[in-house]
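Undergrad: For reference, the structure I am asking about is given below.
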């Protein structure tokens, strides 16, 4: 009888790229024991099911083409499965801000978007959350704001470098996470950022859509498995 420690058949062992993806998004832990678990039938099946759950796919536990394609889909860089020291649920939890009036600072912007457009869409994204939470957001013209919003490429000063066009579009930090980074939002400047409200182009990444999602993380929200939710981890367009 095959138990949960049964080794994974050689032809089903995941590639290093797949293992790296599963670690990056929390489907397996980063320690050696967790990595070893991926090479058992039960451990591998559980990791694939988690991946399918957050990708909006049937949870079969089978690494089919649709599941593999999730590794190539434009998405948020925040892990789907959050470890114990980070926010655990798709709610404003214990990592939420301990005050209701927050300030934000736009440190720079993409050359693909005018400064005025970036500011306007960012304010709209904050307004979306102000409408459904008791929080209020005020722009500030200095780095002493609660939330710093910035664009960067590759290694851009934090622990999570961007990967170039497509792949990871942006990431954010939960409140009070990683010291001064808490609440900050970073956008990958290698993406083709657009204002989808003024163009029919399907090639670009709508700044407002991604900003609304990342600000959710800044407020303490984790990813949702519900396709259509603002906090769904894969790129989708909202109005």
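Cβ from N, Cα, C; glycine included.
Sharing the feature lines straight out of TrEMBL:
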BINDING   76, 213, 217, 223, 231  Zn(2+) 2 binding site
DOMAIN    93-239  domain 'Peptidase metallopeptidase'
BINDING   146, 182, 184  Ca(2+) 2 binding site
BINDING   156, 158, 171, 186  Zn(2+) 1 binding site
BINDING   163, 164, 166, 188, 191  Ca(2+) 3 binding site
BINDING   189, 191  Ca(2+) 1 binding site
ACT_SITE  214  active site
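Map the listed features onto the structure and describe their local environment.
TA: Every protein chain considered, the tally of other Cβ atoms within 10 Å of the Cβ of residue 223 (Zn(2+) 2 binding site) stands at 25.
Model confidence over the domain 'Peptidase metallopeptidase' (93-239) stands at 93, taken as the mean pLDDT rounded to a whole number.
If you take the C-beta of residue 184 (Ca(2+) 2 binding site) and look for same-chain residues 6 or more apart in sequence within under 8 angstroms, you find 147, 148, 149, 150, 172, 173, 218.
The Cβ neighbour count for residue 156 (Zn(2+) 1 binding site), using a 10 Å radius over every protein chain in view, is 15.
A coil conformation is recorded for residue 191 (Ca(2+) 3 binding site) in the three-state DSSP classification, outside any helix or strand.
Around residue 191 (Ca(2+) 3 binding site), a 10 Å sphere centred on its CB holds 24 further CB atoms from the protein chains shown.
Under DSSP, residue 214 (active site) is assigned to a helix (H, G or I) in the three-state scheme. With a cut-off of 8 Å between CB atoms and residues at least 6 apart in sequence, the same chain places 76, 170, 171, 172, 185, 187 near residue 214 (active site), listed in sequence order.
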Undergrad: Tell me whether residue 146 (Ca(2+) 2 binding site) sits in a helix, a strand or coil according to DSSP.
TA: coil
Undergrad: Express the distance between the Cα positions of residue 186 (Zn(2+) 1 binding site) and residue 166 (Ca(2+) 3 binding site) as a whole number of Å.
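TA: So the Cα of residue 166 (Ca(2+) 3 binding site) lies 15 Å away from that of residue 186 (Zn(2+) 1 binding site).
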Undergrad: Counting every protein chain present, what is the number of Cβ atoms, excluding its own, within 10 Å of the Cβ of residue 158 (Zn(2+) 1 binding site)?
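TA: Looking across every protein chain shown, the total is 15.
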